[in-house]
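Visitor: Attaching a single structure in structure tokens format; questions to follow.
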Amino acid sequence: LQSQFDPDNTGYISTEKFRSLLQRHGSELDPHKLEVLLALADSNSEGRICYQDFVNLMSNKRSNSFRQAILQGNRRLCSKALLEETGLSLSQRLIRHVAYETLPREIDRKWYYDSYTCCPPPWFMITITIVAFFLYNGVVLDRFVLQVSHPLYLKNALLYHPQLRAQAWRYLTYIFMHAGIEHLGLNVVLQLLVGVPLEMVHGAARISFVYVAGVVAGSLAVSVADMRAPVVGSSGGVYALVSAHLANIVMNWSGMKCQFKLLRMAVALICMSFEFGRAVWLRFHPSAYPPCPHPSFMAHLGGVMVGITLGVIILRNYEQRLQDQTLWWIFLSIYIIFVLFAIFWNIFAYSLLDLKLPPPP
């Protein structure tokens, strides 16, 4: 094709040759992909198209120059919206629903709808929910959840405890413990309802990064702002995902076409507020194991801060290279600075402040 349409090896093909190629092979292409290609031809004012952009597009890749041509050009997409298509199977309707729940631009929805193959499936959120929460708590601990009044609540190697903060794995493994069945239930529901669709669209790498970053920020926030308290629960990671998703909806309100988006936001905020309010009440409630207080609620706030910074950037830039985004590097640098600050705080501040920490379990 390059020798035929770009004989001088300039790296470009003319829009006339490009259109003739589309007319010749248009019936072999997905209708939405053909629509994108036509939009690419219509939006180019120089009379030529980058050959590599065309190759990338046919390989289900979209370069930055291609995105700029589509998003900034005066395109006219003449076909009907994805939401108006009929005769779809159950799986196709599910994919379309996920696209409208998470993506603000029609061109991205159609691209995702045509490109998604469910391979790989959203394995991260499902695995972390089933294996971490139910399998571990149910099989290893012989119970699905440990109440804060249970004798084994503090006597395990998972939760974060200020006296055991040198055991670095506790900054992550505390998500496997929950302070009550209502704590576990709300986190699982929010994690599956929000996390699985986000992973279907953005992939396991991006979503797992937001989730783990929220988890680490949550435990570090507790070690800095609530230094005497332990922490349990996956609220840091869950709140990072949910807050990023809600912030993305607010920032792209006019483009989000999900049904009942106002009602969905209200329900999510009510659930988050209820769980956060319960955590605050529990923190100041008399402890069953004095002098060790009940779990801290600061992990929730650490997760929210990750969600509205790193999370928003990741969800906003669908299928774009994050390393090309200036704001991504700014927020990532802020996050790294906070982590380094919290590490040094844990090393020096506890001894300098001469705190009376609760005894180790």
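Just so it is clear, glycine is given a Cβ too, placed from its N, Cα and C backbone atoms.
So TrEMBL lists the following for this protein:
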type     : residues : note
DOMAIN   : 4-28     : domain 'EF-hand'
TRANSMEM : 123-146  : transmembrane segment
TRANSMEM : 207-225  : transmembrane segment
TRANSMEM : 231-250  : transmembrane segment
ACT_SITE : Ser235   : active site, nucleophile
TRANSMEM : 262-284  : transmembrane segment
TRANSMEM : 296-315  : transmembrane segment
ACT_SITE : His300   : active site
TRANSMEM : 327-353  : transmembrane segment
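Map these features onto the structure and tell me what's around them.
Guide: Within its own chain, the transmembrane segment (207-225) has Cβ neighbours under 8 Å at 124-125, 128, 160, 162, 165, 170-172, 174-175, 195, 198-199, 231, 234-241, 244, 296, 298-303, 305-307, 310-311, 314, 335, 338-339, 341-343, 345-346, 349, counting only residues six or more beyond its boundaries.
Long-range C-beta contacts of Ser235 (active site, nucleophile), restricted to its own chain and to partners at least six residues apart, with a cutoff below 8 Å, comprise His183, Asn187, Gly218, Glu275, Phe276, Ala279, Ala299, His300, Gly303.
Listed as Cβ neighbours of the transmembrane segment (296-315) (distance under 8 Å, sequence separation of 6 or more from its ends, same chain) are residues 102, 198, 202, 206, 209-210, 213-215, 217-222, 225-226, 229-231, 233, 235-245, 247-248, 251, 275-276, 279-280, 282-283, 322, 325, 327-328, 331-332, 334-335.
Around the Cβ of His300 (active site), the number of neighbouring Cβ atoms within 10 Å comes to 26.
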Visitor: Average the per-residue pLDDT over the domain 'EF-hand' (4-28) and send me the rounded value.
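Guide: Within the domain 'EF-hand' (4-28), the model's average pLDDT equals 70.
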